[in-house]
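K.L.:
Here you go, one structure.
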Amino acid sequence: MSTSNDPSNNASAGKCPFHAETPKQSAGSGTANRDWWPNQLRVDLLNQHSNRSNPLGENFNYREEFKKLDYSALKADLRALLTDSQEWWPADWGSYIGLFIRMAWHGAGTYRTVDGRGGAGRGQQRFAPLNSWPDNVSLDKARRLLWPVKQKYGQKISWADLYMLAGNVALENAGFRTFGFGAGREDVWEPDLDVDWGDEKEWLAHRHPESLAKQAIGATEMGLIYVNPEGPNASGEPLSAAAAIRATFGNMAMDDEEIVALIAGGHTLGKTHGAAETSHVGAEPEAAPLEAQGLGWHSSYGSGAGADAITSGLEVVWTQTPTQWSNYFFENLFKYEWVQTRSPAGAIQFEAKDAPEIIPDPFNPEKKRKPTMLVTDLTLRFDPEFEKISRRFLNDPQAFNEAFARAWFKLTHRDMGPKSRYLGPEVPKEDLIWQDPLPAATHQPSAEDIASLKTAIAGAGLSVSELVSVAWASASTFRGGDKRGGANGARLALAPQKDWPVNAIASRVLPTLQAIQRASGKASLADIIVLAGVVGVEQAAAAAGVSVNVPFTPGRVDALPEQTDVESFDLLQPLADGFRNYRRIEGGVSTETLLIDKAQQLTLTAPEMTVLVGGLRVLGANYDGSKHGVFTDRVGVLSNDFFVNLLDMATVWKAADDNAELFTGSDRKTGEAKYSATRVDLVFGSNSVLRALAEVYACADGQQKLVHDFVAAWTKVMNLDRFDL
């Protein structure tokens, strides 16, 4: 036996020999599963933002905490901060107005209407990758400047709200009258993993504008919020930038007037920074050394800040009063002819030809400059349609002010969902069509009314499949990213949702439910649709031998056609809904990946997704009434048959088409065909994580658990848009 004085013993006394060398491994290091299997299904996307990452705990209620906020005092502190120039990051012209406007804009500007992801609603700018995007250089300083204010007010104001409010206060401090402000953005505590920022592996990799119209990605280059300010791929051509500008702003549902107003308004205040070549700039925050404490882009040029600051590499000041609102942007745009030049960093920009030096230097009051513009600023003059709007704003400053106020409000609130989510004393009274407005409630059904309605629905001759399917069709449009969609409003009865192929059930079932609604007069159609699902689930559970009361809370209302923007709502039409075995377009992303995408939009966990798919299959809820995945001979019974039969080794599966979208399950011994299935169905037996979940419900003791878990997940989906609960 080895002892401590044994010369053959290499480890010192009392120490483990395995710890004698410098550690080379740690938790999470080494080759990961996705390195081996890059196409592995991202079930982990359904585990984001759980209570395990939230330091505030599950009982924290931001809406209640916000009520304790001294809103006026907070705004006063923000106003004071704007002119409290710090030595470590001096303010241009003694004011952080431009910096805070840019911070708010870049926080909100990542939103895209196609999938509802991105935007300012969760304070993601403080996390990677956004905190380190090339377009967000120096915004780490803006957020750090806000820290004393955040520290003072604590959880009464979220970071997400503070970023946006700081931008609003900056505009007000510049003399601009904003449209209003709604708080209500709740922080999360880790980066969003579900947002597709693109496949590029290099920062500022160029994308063609035509490709932007075919995907959800908002920017023309990886790491930009919108477009390259030097023109497409730094071409220096103002006119060619128009298509890229329309494509990127169009992904936020901004029209030409809103585009012109936003660009001009954002560039009425502040400046860009390009004191020297960007080679002086160090690593972004995520790659910066530990001692940088979350700050990045340390510059070796001069002081690295103030007059020596390098951000975009462009050195542009647009107006004569960069800390005061004016119409100088348009006046300068049309008053001068512009010649292409380069910034001290070598970036392409334009300077006013033969103009006097009328632009104040940000740090030396004795110095003046000529007016300068970005390549994309000149697009507003040389694109024919943009030029018409720009000239109108030139001649009518009040029209410009009104347009910018509304466009800025839309930009900073577009991902917040309905107006009912807004908090604070500055919420505008006017309802805007992009907020998906709803009328005031006119029905308050009592418990007795609800019982009578359930009886009427149960006696209407509708099957369990029909009852469940119509409720799912109504509620499952919800998107957790921008809080749009859902059952409230009964927009399933309106264009465009009633005409979607996936909602074919609506034309068959809604007339019956509408007749019940008219006869009763006690509840909205929206409530009756959800109540139909309640009746269907309760009947299906009872048929399985489990008695349940599915929770139901009335209070939904019915939207009017004039409150429904058809084009905007058509973006909610699913590419696929694996819960109903529906896929609209073949090819591209795998069907099972689209199931994960849909489940994530519905804010479901992996167990919730699993039990809902299995339950909906045996209830016969496929959109077209097909038998794919209906692994049961007792359709309409909320059984665990889907899981039992899927995991039965007596069945062997083979692809039934060339694309491996459909499969046939046959008896392993006889070869007799038993079932048909889609990729969504089989993934619960194929994927190791989902199979582990499926096994829970396939066990002998899984039936009752399945019913109760299904009811809980079902109720969650039905109430996703009930922000009043």
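Just so it is clear, glycine is given a Cβ too, placed from its N, Cα and C backbone atoms.
Pulled the feature table from Swiss-Prot, pasting it below:
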type     : residues : note
ACT_SITE : HIS106   : active site, proton acceptor
BINDING  : HIS267   : heme b binding site
COMPBIAS : 1-12     : compositional bias 'Polar residues'
COMPBIAS : 23-32    : compositional bias 'Polar residues'
REGION   : 1-35     : region 'Disordered'
SIGNAL   : 1-20     : signal peptide
SITE     : ARG102   : site 'Transition state stabilizer'
K.L.:
Work out how many Å separate ARG102 (site 'Transition state stabilizer') and the residue listed as 'heme b binding site' at their Cα atoms, rounded off.
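P.N.:
Cα-Cα, rounded: 10 Å.
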K.L.:
For the recorded positions ARG102, HIS106, HIS267, which one has the sparsest Cβ surroundings, going by other Cβ atoms within 10 Å?
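P.N.:
Lowest Cβ count within 10 Å among the recorded positions (ARG102, HIS106, HIS267) is HIS106.
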K.L.:
What does DSSP give as the helix, strand and coil breakdown of the compositional bias 'Polar residues' (23-32)?
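P.N.:
In the compositional bias 'Polar residues' (23-32), the DSSP-based counts are 0 helix, 0 strand, 10 coil.
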K.L.:
Sorry to bug you, but what's the C-alpha spacing from HIS106 (active site, proton acceptor) to HIS267 (heme b binding site), rounded to the closest Å?
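P.N.:
It is 13 Å, counting Cα to Cα.
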